[in-house]
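Summarising the annotation, TrEMBL assigns transmembrane segment to 12-30, 42-64, 85-109, 141-159, 171-199, 211-235, 247-272, 299-326, 338-355, 375-397, 417-439.
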Amino acid sequence: MERESWGGKMGFWLAAAGSAIGLGNIWRFPYLTGANGGAAFVFIYLLIVLTIGFSVMLAEFAIGRHTNLNAVGAFQKLKGGPWQIAGWMGVLAGFVILSFYSVIGGWTIKYILSSFTGMISTSTNSTDYFLNFIANGPQTVLYHAIFMAITIFVVYRGVGKGIEDTCKILMPALFAILVILIIRAVTLPGALAGIDFYLNPDFSKITGKTILAALGQAFFSLSLGMGCMITYGSYIKSKKDSLPKAAAIITLLDTSAAFLAGFVIFPTVFAFGAEPGAGPGLTFITLPKVFALMPGGQVWSALFFLLLCVAALTSAISLLEVVVAYAIDNLKWPRHKAAIGIGGVIFLLGVPSALSQGAVSLNILGMSFLDLLDFISNNILLTVGGLLISLFVGWVIPDIAKKETTSHGPFAFQTIWLWICRVVAPVAIFIIILGGFGLF
Ligand code: PHE
């Protein structure tokens, strides 16, 4: 049977942007920024994205389009041996990340519905509301199941009819909702203090931990380091389409989405005197408080959580597709079996994460099960994966890499990119990981 592919360039761009733009942009980026001192964190994040992030994304696209294979198959075909480990780590990361990602995806569905049933009201304590909900085992597992079922359904339908068509509708919708919310946020009285916090850097807040957090966030947000962009790149048919251009567009879209999400959250939070450094609860606890004080708050709340849900869905699809593509290419499973079977296992793996938020006590190394998986996957699996991919392209397959990226762009482009892959990115990632763990 012929391998599936994207219908066209636009479909690929939107699907890849759909993968990149997710909870990482709208939930994680603003709370990390808030907790790490605002603009200084944003500055370091941007620096990492434009150098390392863009380069690793292009590396993944090149590997993917050249081999037309999933993450594991691609490394096997190009070199084999220990390099396969990079592919395996990617498949593992797909399992792990989606298991907890879907739990939070479930929370967003619950919050869309709850916007209309009393959650958004000045007499509701949003902290208690959130804590009660995430401690309610049956409910969190139910919403996790619903979110996972939708994800499986899209992947089951395949690359063109499922993933591409879904993203073609949802991505424009997402940007439309984002724009509406920004207009509302920046026109609130008192919004300026939020914009100031967001754009005025305080470099004294930067530590080794902050930089590791920015690196982990860059990989997570751009869907890098785990073969996701290898997989999506493997469905590109045309050898003529420019991969540097695609990587630039997707990096730009993802970064603008994160940056714009900050313009919804910080002006809103400051306008109503809430705390920007509230951590993971920023979205689920602080914003409902703020919505309760806004005229029409229920509708704004529902719209915001719909935005979050849509973003999460198009990313979850790509996480599942990494594992499904492996099962189809390497194990010769039919797509429907792969989507349902693997999706089912990931659902089960997510249940402890869903329950770890208060329903049962499940703390390891001082973190809840969900936080632990999040920590391991972002700070270790993705960063080490990114390091390996970058070394691989720079040193093992530079000729293939050059062939896949011939462009009419500036002459020095390829050379700079290859040296970033060979030296700059690996060394930076290595140092940042060690520094983040306090090792020097
Ligand atoms: N990029 C997604 C987000 O920002 C998460 C993701 C990570 C998706 C890795 C695929 C691979 O939410």
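From the backbone N, Cα and C atoms, a Cβ is placed for every residue, glycine too.
Just so you know, TrEMBL annotations are computer predictions that nobody has curated.
Non-local neighbours of the transmembrane segment (12-30) in the same chain are 6, 45, 101, 104-105, 163-164, 166-168, 170-171, 174, 217, 220-223, 228-229, 232, 235-236, 241, 246, 249-250, 253-254, 257-258, 261-262, 265-266, 280, 282-283, 307-308, 311-312, 314-318; each lies 6+ residues outside the stretch with a CB under 8 Å from one of its CB atoms. In summary, the transmembrane segment (171-199) does not lie against the transmembrane segment (375-397): fewer than three C-beta pairs, each 6 or more positions apart in sequence, are under 8 Å. Counted as Cβ pairs under 8 Å, contacts with the transmembrane segment (247-272) are highest for 42-64 among 42-64, 211-235, 375-397.
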